[in-house]
Amino acid sequence: MNATHCILALQLCLLAISGCSSQVPIIEEIENLKRYFNSSNSAVGDSKDVVLHVLRNWQEDGDTKVIDVQIVSFYFKLFEALKGNQAIEKSINAIRADLIANFFNNSEAKYDGFMSIMKIEVNDPQIQSKAINELVKVMGHLSPRVTLRKRKRSRCCFGGGNRLNKNNPASTI
């Protein structure tokens with residue numbers, strides 16, 4: 001095992017521990033991965049974090065959802081790269097299921113949509129053209145919404161109408 005695998009497994013462990021709903025089984029699966037990758041704290045302690053340093057910086061801004069998406073994407077790519085490894089497949093599947101439960105609210109449709117976007121080939125000119133064409137709508141969806149509500153004024157209370165107002169006894173005269 002090279003150092004990169006060890007670091008990635010440790011980061012996976014830390015991310016999974018931070019948000020697991022059923023922590024005990026997931027922690028056991030993470031420990032299994034740590035043993036497989038020999039990723040104890042002493043083995044990977046001299047290296048820089050893979051994703052945690054970025055996550056810490058974003059937490060200061062309070063805007064973590066964007067970076068959470070990137071980190072989850074990273075781990076799903078890692079799981080895909082490790083697919084077929086019988087020694088750790090059970091652990092990876094359990095952790096993947098827990099991430100889906102926590103990040104996608106147990107929605108397979110949301111997970112499938114997320115994965116389909118991750119797999120889009122960005123070097124394809126037709127995809128590039130379609131994506132640029134959709135960009136205005138995407139930017140509109142992502143930008144903060146300004147709620148412009150017109151206030152409706154009641155004409156009955158201000159002399160502008162002759163409707164009865166049940167809350168104003170003077171309007172019945």
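Each Cβ is built from the backbone N, Cα and C atoms, and glycine gets one as well.
Per Swiss-Prot, the feature N-linked glycosylation site maps to Asn38, Asn105. The pyrrolidone carboxylic acid annotation in Swiss-Prot covers Gln23 and rests on similarity to another entry. Marked as signal peptide by Swiss-Prot on the basis of similarity to another entry: 1-22.
Counting neighbouring Cβ atoms within 10 Å of each of the glycosylation sites (Asn38, Asn105), the lowest count belongs to Asn105. Asn38 (N-linked glycosylation site) sits 32 Å from Asn105 (N-linked glycosylation site), taking the C-alpha atoms as the reference points.
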